[in-house]
């Protein structure tokens, strides 16, 4: 074995030299130089510095402006809450443990951090799935005159929490477990061992299929159909400037959504799956740490992509920051012009971009 497995941890280094120690009790500077842990702490501080105000403003502005309290924005609000949740309950702990070079809060703290980080990430992921389904139903109209209302939005929010809990709770009760990963200063699901005592193999397969592959397939299908529908609408009315503009906006949004989803999560999922399917192979702590920490940046990308590119929301945020006045123009007029976000149907001459 090229790693050292303990009762509640797995350190990616052989203990032939006798230097491996529990990541809950001793600094892990034999895995990486101290400055690398400082870099991780600085990176987490940056995510906290950016993530807290962005996601807080998203929540605050939506609460302050009634025009933003639309069914679709309930999902966006849930997404921002999940990101804020990740920053407060996950990133702050990871920054502190990185400064110390090991997981100073013990096994209980590891389960706490692993649970809340997983829960927040899964809420965000399934919120993106619900958004994709909503956009598909509204734009592609597979169910004729279906109208996405408040009840549907609340059901969507409840669905994201149910799916997130279905992923984050089992390790707390003996189906898999949370352990320190990579450089041993943050916790996640155990991809490193088969651990038959906790049926780890079956949980990892369940997690990859249900909580990664299926969401990816749904998102890809929905936005793929959305692009095709918009192009068809544009082709039927070449003279319509509104349709042409909507096509460009939708295409841009879809490209950004899919690319950043893949950038954030595929490297982490690939490395985790590689480690799990190559038990006993040699890999360094950096191999898992870099993609794991990079995936955390989704808490910053999500509000920027899904909300900051929303013109109506951006106008409301500017108005809030400028004490009730929009120095860049008439907020009401601008909001009316961009109220396509609230659209729940697609006519032959207009396609709702977001």
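Cβ atoms are placed via backbone N, Cα and C, with glycine included.
According to the topological domains annotated in Swiss-Prot, residue 105 and residue 284 fall on the same side of the membrane.
Neighbour counts of Cβ atoms within 10 Å were compared for the recorded positions 110, 322, 323, and the top value is held by 110. Cβ atoms under 8 Å from those of the transmembrane segment (153-173) belong to residues 71-72, 74-75, 78, 82, 111, 114-116, 118-120, 122-123, 125-127, 129-130, 133-134, 189-190, 198, 203, 207, 210-211 of the same chain, restricted to positions at least 6 beyond its ends. Beyond its flanks by at least six residues, the transmembrane segment (287-308) meets 12, 40, 43-44, 47, 50-51, 54-55, 58, 76, 79-80, 83, 86-87, 90-91, 94, 117, 120-121, 124, 128, 131, 181-183, 186, 188, 253, 256-257, 260, 264-265, 267-268, 270-272, 275, 314 of its own chain at Cβ-Cβ distances under 8 Å. Note: the Cα of residue 15 (N-linked glycosylation site) and the Cα of residue 2 (N-linked glycosylation site) are spaced 9 Å from each other. If you measure from the Cα atom of residue 296 (N6-(retinylidene)lysine) to that of residue 187 (disulfide bond), you get 12 Å.
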